[in-house]
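Trainee: Before we start, here is the structure in question, set down as structure tokens.
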Amino acid sequence: MAKTLYEKLFDAHVVYEAENETPLLYIDRHLVHEVTSPQAFDGLRAHGRPVRQPGKTFATMDHNVSTQTKDINACGEMARIQMQELIKNCKEFGVELYDLNHPYQGIVHVMGPEQGVTLPGMTIVCGDSHTATHGAFGALAFGIGTSEVEHVLATQTLKQGRAKTMKIEVQGKAAPGITAKDIVLAIIGKTGSAGGTGHVVEFCGEAIRDLSMEGRMTLCNMAIEMGAKAALVAPDETTFNYVKGRLHAPKGKDFDDAVAYWKTLQTDEGATFDTVVTLQAEEISPQVTWGTNPGQVISVNDNIPDPASFADPVERASAEKALAYMGLKPGIPLTEVAIDKVFIGSCTNSRIEDLRAAAEIAKGRKVAPGVQALVVPGSGPVKAQAEAEGLDKIFIEAGFEWRLPGCSMCLAMNNDRLNPGERCASTSNRNFEGRQGRGGRTHLVSPAMAAAAAVTGHFADIRNIK
């Protein structure tokens, strides 16, 4: 029987499936951070259980670390306790930890792929909703809750029901300057923020194959924002070239054997999907969200929509509420909306290609008066590479703040946050009410679009910035 990539990955990992019961899956990699793991380790301790497979468990600090100092005390009491607990737990249970002073420390979904922890064909879990990022490698990756974190630590398995399948095909080639972030925002604009609920999405089509691994990670990272359980891109030469030579990747003949298997990780011809969505890449322009969920998104050259234009009464009410929170009036051009802060970072857009794209806009320009702009690399290696390329100097000369790695202003869990009423052009993944700080107003954009907003003081079409 013809199978989708998701079905192949799922079936390959079933340990046990009793009749009328949820299948038990083997988990190849477990990524751990300081926020969702303390109670899980406490549970192990209470029952006298070890970590079943410490060699398949990798920990880092990211959510509530300071991006201005490596001092563990810098982000408050709760952050300090969580980080100290992670240090204690990893030491006690034999788990490798990339702590604040480790050169590989960074956002968990940047660190995993970068170190070759993430490989095609794997099942990967983390106590974090954006674990879908790793699906860019053709791995089945999804977020789990703290009780499930404990279950995986104890057994290296997890009960998981089968999801529905969804194919999203982006046909043709994207125009110059259009990024994976624009593509995925356009997709969510079409499906809505619940369009993928109950599904595992496979992205395909020429525009997807054209993306680098970093672009594919951005794409899969945001699949959760349309309600999907996980996202996949079938592995190809782009994937194999990225993985080759990384710290935890197979070496020599083992790598060649792995690639031979990875090449089988494709959806079979004739396999059927429960849902199919198609977009034309050439129709996608730079995207900016205007509301309080990622599906409330328009082209940078559009006007803020009028809630009355939505036929669905639920959408209309949602739009009215969103505009009131965002402090926007219907009908005004988006390019006239001024911003207070800019955040370039997060597990969506903090990799080296993202920073290069932002630096290209920032070079030779200055951050607009009254705007605070942060650039937060996703990991120690990203920061080191950016500095080797001189990107830090470009940003600093333009008036951006060059920070240490961490989740930073993506979520109000550390010192980087918005004040009430402040408007931010952000490369992160969620524009919910209060996500970046109580009363903060978040607009999601690509790194180049964020840099353009920083230097102009408002949203601007990067295609018009010479």
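Counting starts with 1 at the first residue shown.
Cβ coordinates are placed from backbone N, Cα and C, and glycine is handled just like the others.
So Swiss-Prot says this about it:
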- CYS347, CYS407, CYS410: [4Fe-4S] cluster binding site (BINDING)
Trainee: Identify which of the binding-site residues CYS347, CYS407 has its Cβ surrounded by the largest number of other Cβ atoms within 10 Å, counting every protein chain shown.
Mentor: CYS407
Trainee: What is the number of other Cβ atoms found within 10 Å of the Cβ of CYS410 ([4Fe-4S] cluster binding site)?
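Mentor: CYS410 ([4Fe-4S] cluster binding site) is surrounded by 29 other Cβ atoms within 10 Å.
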Trainee: Under a three-state reading of DSSP, tell me whether CYS347 ([4Fe-4S] cluster binding site) is helix, strand or coil.
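Mentor: Looking at the DSSP assignment, CYS347 ([4Fe-4S] cluster binding site) belongs to neither helix nor strand, so coil.
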Trainee: Going by DSSP, is CYS410 ([4Fe-4S] cluster binding site) sitting in a helix, a strand, or coil?
Mentor: helix
Trainee: Using the centroid of the Cβ atoms of CYS347, CYS407, CYS410 as reference, list every other same-chain residue with Cβ within 8 Å of it (recorded [4Fe-4S] cluster site), in sequence order.
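Mentor: Result: ASP62, HIS63, ILE107, HIS109, HIS130, GLY345, SER346, THR348, SER350, GLY406, SER408, LEU411, SER428, ASN429.
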